[in-house]
Amino acid sequence: MKQAMTPEEIKEKKPYLDWSLSEHEYDYICDHLLHRLPNYTEIGLFSAMWSEHCSYKKSKPVLKLFPTKGKRVVQGPGEGAGVVDIDDGQAVVFKAESHNHPTTVEPYQGAATGVGGILRDVFSMGARPVAILDSLHFGELKDNPTMRYKMEETIKGVGDYGNCMGIPNLGGETTFDPCYNGNILLNAMNVGIMDIKDMEHGDATGVGNAVMYVGAKTGRDGIHGATFASADFSEEHATQRSAVQVGDPFMEKLLMEACLELILHHREWLVGIQDMGAAGIVSSSAEMATEGKSGMDLNLNLVPQREPNMSAYEIMLSESQERMLLCVKKGHEEDVKKIFDEYNLDAVTIGRITDDGRYVLHHDDQVVCDIPVVTLTEKVLEEKSEEKKPQRIIDVEQSENWQPEIEDAGQTLRALLNQPTIANDQFVTQQYDSQVRTDTIVGPGSDSGILRVRHTKKAIAMTTDTNGRFVYLDPKVGGQRTVLESATNIVASGALPLAITDCLNYGDPNDPEIFWELHQSCQGIADACEILETPVVSGNVSLYNENNGKAIYPSPMIGMVGLIKNYDHVIPMHMQTAGDKIYLVGKTDDDFAGSELQKMMTGKISGLPHAPNLPGIKDYLYKLQKLMAEGLVQSAHDLSEGGLGVSLAESVFDTDLGVNVKLDFNKNLLFSETPGRLIVSVAPENAAKFEQEMGDAVSEIGQVTDDKQLNISLTNDQVNEDVAKLQKIWKECIPCLMKSKA
């Protein structure tokens, strides 16, 4: 690396502007925090730690809206992952993270390292990762070979990393929209299980205790990855692959086993542990010291390096993967080293804990950093962003909502099943191992993935849900509906919703309209979480998701987990037995704004999606879950994209069954996307009790048949379709698009 600038040259040439640090922030650091000019290494550390990706300096006021406490919450936001009590001294540990910019630039490695990073967040808590989910959002595939390539590589990256780790992928979601053409989204969620007594924290305390670096060696990959994720994205970034990390899942597997052995069997040696994620060593070390109200003194020459002549700046800001930082009690360094030696991993003491609150770095016999550690973590200048309601929303509030003109309901259903967001995503999920570890009860393709908790009768349900169209049209309502969609998916599987994690994917927060979208949608998420009793226990913020000034739809992703106390009561999504009665749960209205139907018929979205009656929906959803636990429900499937028509078809795919349904509404409403609805099937002998308990929240609409036909009678149309032909359309959509020559 060329000779670093002097502090005076930094002041004059302002290289920090390229690292997402403003001139105002630089002056504040000089005048109010350090009372001197920072050197090259120090300003690099400030740039990374004060980036939006690490500090949440713009989004923090909005994040304070979220409810984070609940009777089952053991650990909320602030640690590696959220921890939620699932009874019997056990907890589910989970978190979601975005890796959008790296995946857009280098799809395979961006996706793979996105999975790797979220695994480390979970096992650093003392939990064994048991499941991966992913929320993938691509541009249109048709006439877009670049997007098809990016999709293939992204899926391969997710699959290869998870498969090599031996952790099942239970699905998630895959959507397609032109707004993601220049900036795809990769949100990965990891779920782990642990005994609550084994929970670890990211603390660094105790003067003289060792700071130990464990795992893979440090290289030059990923330098300034945090600031890369905190700036506008443009065509220039298409070649910025040095900011993308390179993953090694086999190394991660060894690291996971070594860390879990240390935590579970020798925790008396350990004070704290944290993943080296965004901003690498500086982030993990500074955060651990701050959490422990301590100082830290590190010798960077002791850091294991895989490349020669690395500068202090490069060592500290590298985001090389498969690395952890430990705080180990003095005198147990060799004990810890022996564990990692058994796994062929580096384990090196690179520094000590101090009590002066200073963050001191040595390199090549020079002190290259000596600053108060809190200046990196707690003295960040929070930025108050301007907000402005977009004119498009003001205009639409004064206009009538779009209503479809459907000629043939059957033809419309066939066309919807051929939309890639609705179509079968087996092209994606078949590349994942969903059965490894042999605990999977329900894998990809259902409303929720479900995994049994070993040595118990319990099961954990999990889902990821995003709908940027609704949030774009009405951010607050869209936020509510996204959380509700997750809760409906969890209940459809027979589980009680417990808590959520999130990935908040938005454009440039310096745009007042985009910040307004962020604020309003987070308010909607908070409102829904409060009412549904699903606190936010972890998550992340990913801003600047734009390409050449064009932002994605505001796309908050909700990852939710639920508890099934007896896995004998897991509810399948497919109809089970001919003769069972079919019920529609929830009321249907003409809700087409942002729907798949609207996009398909008009090529655009418009209008205002309807606000859900959250208290009323919560009442019947949770009542339904209790009846499921009592064995009164045979199957259940939520209604989302494509509405009732699509869900009825999906409920008999891969079966020898059909449905005969009579509806008291018109053909338009067959494809309405009113939220909070499900279709359930109930055995005739349980129907009376089911109806009595559910009351007017349900209406009987038909029965399951054995003729493999989808028969739907409407007030102004009739659908008579062969299930096998519908399924063929649904299954072939994405493979056909991927094989396209255009």
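Heads up, the Cβ atoms here are built off N, Cα and C, so glycines get one too.
According to Swiss-Prot:
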type: ACT_SITE; residues: HIS53; note: active site
type: ACT_SITE; residues: HIS99; note: active site, proton acceptor
type: BINDING; residues: TYR56, LYS95, ASP502, GLY539; note: ATP binding site
type: BINDING; residues: GLU97, ASN540; note: Mg(2+) 1 binding site
type: BINDING; residues: SER98, HIS99, ASN100, HIS101, ARG120, GLN245, GLU319, SER320, GLN321, SER542; note: substrate binding site
type: BINDING; residues: ASP121, ASP275; note: Mg(2+) 2 binding site
Original post:
Out of these binding-site residues, GLU97, ASP275, GLU319, ASP502, which one has the fewest other C-beta atoms within 10 Å of its own C-beta?
Top reply: GLU97
Original post:
What are the non-local neighbours of TYR56 (ATP binding site), defined as same-chain residues 6+ apart in sequence with CB under 8 A from its CB?
Top reply: LEU63, VAL541
Original post:
In angstrom units, rounded to an integer, how far apart are the Cα atoms of GLU97 (Mg(2+) 1 binding site) and GLU319 (substrate binding site)?
Top reply: 15
Original post:
Of all the binding-site residues given, namely ASN100, ARG120, ASP121, ASP275, GLU319, which is spatially nearest to GLY539 (ATP binding site) at the Cα level?
Top reply: ASP121
Subject >> Alpha-carbon distance [the residue listed as 'active site'; ASN100 (substrate binding site)] in Å >> reply: 12
**OP:** Taking Cα atoms as reference points, rank the binding-site residues ARG120, ASP275, GLU319 by distance from the residue listed as 'active site' and give the first.
**Re:** GLU319
Original post:
Taking every protein chain shown into account, which of the active-site residues HIS53, HIS99 has the largest tally of Cβ atoms within 10 Å of its Cβ?
Top reply: HIS99
Original post:
Taking only the binding-site residues ARG120, ASP121, GLU319, GLN321, ASN540, which one has a CA atom nearest to the CA atom of the residue listed as 'active site, proton acceptor'?
Top reply: ASN540
**OP:** State the three-class DSSP label for GLY539 (ATP binding site), counting H, G and I as helix, E and B as strand, and everything else as coil.
**Re:** strand
Original post:
Near GLN321 (substrate binding site), which residues of its own chain have a C-beta under 8 A away, given they sit six or more steps off in sequence?
Top reply: THR113, GLY116, GLY117, ALA216, ASP221, GLY222, GLN245, VAL246, GLY247, ASP248, MET251, GLU252
**OP:** Restricting to the same chain and to sequence separations of six or more, state which residues have a Cβ under 8 Å from that of ARG120 (substrate binding site).
**Re:** GLY80, GLU252, LEU255, MET256, ASP275, GLY277, GLU322, MET324
